[in-house]
Amino acid sequence: MGELQLVESPIALRLLSVAPRPRRRLSLATFGHGLRPFRGCNGMICVSNARQTHVEVSSTYLYKLTSPKKVKFSTRSTSASVQPMTQDITEDKHKDYPISGDEIRTRFLNFYASRGHKILPSASLVPDDPTVLLTIAGMLQFKPIFLGKEPRSVPCATTSQRCIRTNDVENVGKTTRHHTFFEMLGNFSFGDYFKKEAIVWAWELITKEYKLPPERLWISVFKDDDEAFSIWHDEVGVPKERIKRLGEDDNFWTSGITGPCGPCSEIYYDFHPDRGSESADLGDDSRFIEFYNLVFMQYNKKDDGSLEPLKQKNIDTGMGLERMARILQQVPNNYETDLIFPIIQKAANLAMISYAKADDATKTNLKIIGDHMRAVVYLISDAVLPSNIGRGYVVRRLIRRVVRIGRLLGIKGAGEGNPDGAFLPGLAKTVIELSNHIDPDVTGRMPHILEELKREELRFVQTLERGEKLLDQFLASALLNASTNGDRPCLAGKDVFLLYDTYGFPVEITAEVAEERGVSLDMNGFHIEMENQRRQSQAAHSTVKLSVGNEVELAESIGDNGFLRCKGVEDSKHIAIVEVKDVQKSLGNIFVHKGTIKEGKIELGVEVNAIVDPRLRQRAKVHHTATHLLQAALKNVIGQETSQAGSLVAFDRLRFDFNFHRPLFEHELMKIEELINQWIGDSTLLQTKVMPLLDAKKAGAIAMFGEKYGEQVRVVEVPGVSMELCGGTHVSNTSEIRGFKIISEQGIASGIRRIEAVAGEAFIEYVTARDNSMRHLCSALKVKAEDVTGRVENILEELRIARNEVSALRTRVAVLKATALVNKAFIVGTTNIRVVVESMDDTDADSLRNAAEYLVDSLQDPAAVILGSCPGDGKVSLVAAFTPSVVKMGIQAGKFIGGIAKLCGGGGGGKPNFAQAGGRKPENLSNALEKARVELIAALDGKTS
């Protein structure tokens with residue numbers, strides 16, 4: 001039996017030598033249950049807690065002896081080569097870190113709190129800023145303060161901000177540091193301290209609090225910032241050779257073309273100090289990682305590009321939590337930190353693979369899953385639901401990428417005995433388990449998050465398999481055409497659009513699959529198809545400004561109506577009156593009144609009295625309180641997991657958007673109305689209180705996702721019914737609402753429903769109008785109100801029968817016309833193909849189809865028929881019908897008619913033997929049919945010659 005020489009150190013049990021040779025497989029006889037894995041050295045023994053387990057030599061992992069027990073090993077020869085690990089003892093199973101990500105975050109916040117900073121919560125991922133799509137930086141919630149639009153509430157603050165960036169999504173998993181979701185630790189000064197304190201504290205934090213070796217730290221400064229260079233070198237003591245001066249692109253921050261700006265200084269960690277300082281490049285990712293950025297906001301950039309000193313100098317910093325965790329936890333990339341790796345481990349387990357044994361491509365895919373799952377969980381938690389536009393598309397794109405990659409890795413179901421089930425909820429549970437210190441509210445929203453992920457995954461899977469098959473066909477065709485023509489294989493833009501529009505394939509996924517097969521995409525063609533669809537659907541898309549600008553952005557919510565009364569400057573008895581029709585609020589709490597001067601003249605500096613229209617104010621109060629009751633009723637009827645996604649309180653109605661996956665049933669709508677009218681009849685007095693935000697949440701007050709709240713909040717409560725954070729105007733007693741009626745319920749986006757309703761005076765007006773309409777209807781139909789429904793059903797049935805009779809007559813007329821066209825058939829090719837290309841005047845589309853079918857049957861195989869008509873309203877109808885022999889020649893009706901339809905300003909398609917198309921240019925029909933005649937003859941001649 002060979003002998004093992006072991007040495008016990010404070011860090012690990014390390015294998016020094018094994019004898020005799022060759023390689024041996026070790027069998028564990030007895031062991032200490034306290035052995036735990038530890039990264040860092042080569043040549044270790046990996047053990048598990050099995051009673052008799054084969055122990056294998058690993059080249060990557062250490063195990064820490066945490067309890068003093070004797071360890072005996074025996075060796076026995078084996079013909080098999082040494083395996084990295086058994087299933088029970090993989091790196092995926094255990095990880096031990098010298099410091100947790102949660103502890104890194106807490107230490108950062110506490111460090112700056114002890115230096116006078118106020119710890120503020122992370123803002124929502126949906127920013128209170130129309131110029132950006134998502135929260136992309138820690139400073140975003142303070143943008144109005146930095147731009148001078150809002151006064152500071154505290155002199156300095158510190159936060160851990162949740163952020164989303166998707167501009168580098170293609171690099172996720174491939175590099176060591178790119179993410180879509182990340183946390184940005186930051187300390188901010190609003191005119192309090194400046195450059196010296198920011199630099200000194202940053203150095204103290206990383207070298208004393210986090211204990212990073214100073215000799216591994218490098219600094220970059222703006223090339224002209226001698227002050228920062230001096231502080232780093234003279235006061236902090238960083239050697240000159242480790243301070244790099246960089247240009248404006250790297251180390252000068254601007255808020256836009258004009259506005260606040262200033263130099264910045266970045267701190268880098270050196271993974272390879274052995275390479276020396278000579279010609280060191282901070283952009284070398286294999287050696288350096290930038291983890292802390294200090295922005296010194298000290299200038300104002302003017303229109304002419306010149307810089308002037310700011311009266312209030314600010315500090316804006318950002319430390320990437322994931323990057324700092326990678327450094328302190330001594331792992332090779334951000335993904336293997338305790339912030340992300342448990343999600344990767346869960347995904348690997350579902351795929352029944354080992355991350356440690358996986359090849360690079362598989363590891364990359366697992367990293368993508370780990371990253372994207374964090375992003376989608378926190379986005380859905382902040383009420384961003386999957387859709388095809390804006391923020392919703394970001395969520396949908398990431399979800400579908402995870403689903404496709406998961407299927408590629410072989411994940412089937414959530415590992416709970418249902419291989420056809422969704423696996424995203426299982427991964428999301430792991431994300432949520434890690435969320436307590438990031439956003440405690442996520443746990444409470446778990447049912448909603450899991451249900452939304454499950455629904456979106458299963459919806460995607462329904463079309464994914466069909467889409468994958470179609471994509472495979474498209475790629476095979478592109479490769480075949482390229483090999484035939486000698487061109488570079490390229491997927492047509494219309495095919496890319498079909499996959500996107502019909503099968504839900506994000507373009508990025510199509511590109512990834514195509515790249516794997518060596519095929520490029522025709523993106524110009526795709527954009528043309530996309531633009532055509534946008535024009536046809538007249539869909540409204542907004543352009544989002546991704547820079548931090550300094551313009552005045554106005555909120556879209558409508559305020560009070562009323563009057564402004566002004567006294568004259570020279571004559572105090574003279575009165576000027578402005579009728580205000582709209583009030584809007586800017587980001588900086590500036591209220592903009594829009595109105596018309598009804599009397600007199602107004603001048604700058606005149607004192608103004610604002611008078612609200614009391615009648616309209618009451619309408620607003622009624623609809624606002626009714627909105628609170630509606631949310632409470634929805635939670636009562638369809639489930640507590642539903643939440644507000646938007647609202648409008650107007651004088652004539654209210655609108656409430658909420659998260660739900662299906663239309664509401666009629667009995668649910670009736671129950672909601674019944675509950676609300678019952679609460680109105682209870683004549684309950686409303687209660688309003690101002691209290692700390694945390695106390696309000698503990699009391700159960702509902703907060704609007706994405707809304708920005710201060711430390712003190714106003715709580716509006718309808719006792720026993722509703723409690724919400726709200727600063728708006730409300731009735732004093734529910735009886736003031738008088739009545740409530742739902743006008744409509746509809747879907748406005750994937751997973752988002754909308755209810756419109758009326759209350760108070762608007763309710764009475766609505767009911768009165770409906771009653772008048774019913775009176776007129778009863779009079780016209782000569783029935784009582786209770787008999788209207790039956791009478792209308794009878795009329796509709798009579799109308800249906802009449803329409804069918806008319807349709808049958810039209811078809812008979814079309815067939816009679818087609819009979820005459822048989823004699824107009826002409827012969828093409830050596831196989832005597834009978835061809836008809838004719839116009840049938842104003843024949844409707846259905847009758848045109850019947851006529852084409854009649855002609856093909858009459859002419860018999862081989863035959864080809866092209867018919868066109870102008871049925872009215874500026875429309876064109878086209879149809880192509882080919883017999884089997886013509887189709888076998890490679891001439892397909894769908895492709896042929898589509899090209900002809902373009903001349904008439906339309907398009908279409910169908911099956912190889914039969915297809916229909918339409919257009920909007922009837923004046924071009926004759927030319928289109930002539931083109932069809934010429935091209936069809938040429939195609940048939942070419943195939944039969």
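Backbone N, Cα and C define each Cβ position, glycine as well.
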Looking at 645-679, 680-714, 785-819, which one is coiled coil according to TrEMBL?
785-819
Cβ-centroid neighbours of Zn(2+) site H624, H628, C726, H730, 8 Å, sequence order:
T625, T627, V716, E724, G728, T729
Looking only at the domain 'Alanyl-transfer RNA synthetases family profile' (99-769), mean pLDDT returns 88
Give me the non-local Cβ neighbours of C726 (Zn(2+) binding site): same chain, 6+ apart in sequence, Cβ-Cβ under 8 Å, ordered along the sequence.
H628, R714, V715, V716
Using Cβ atoms only, which residues of the same chain lie under 8 Å from H624 (Zn(2+) binding site) while being at least 6 residues apart in sequence?
V649, L654, G728, T729, H730
Return the single residue from the binding-site residues list (H628, H730) that has the minimum number of other CB atoms within 10 Å.
H730
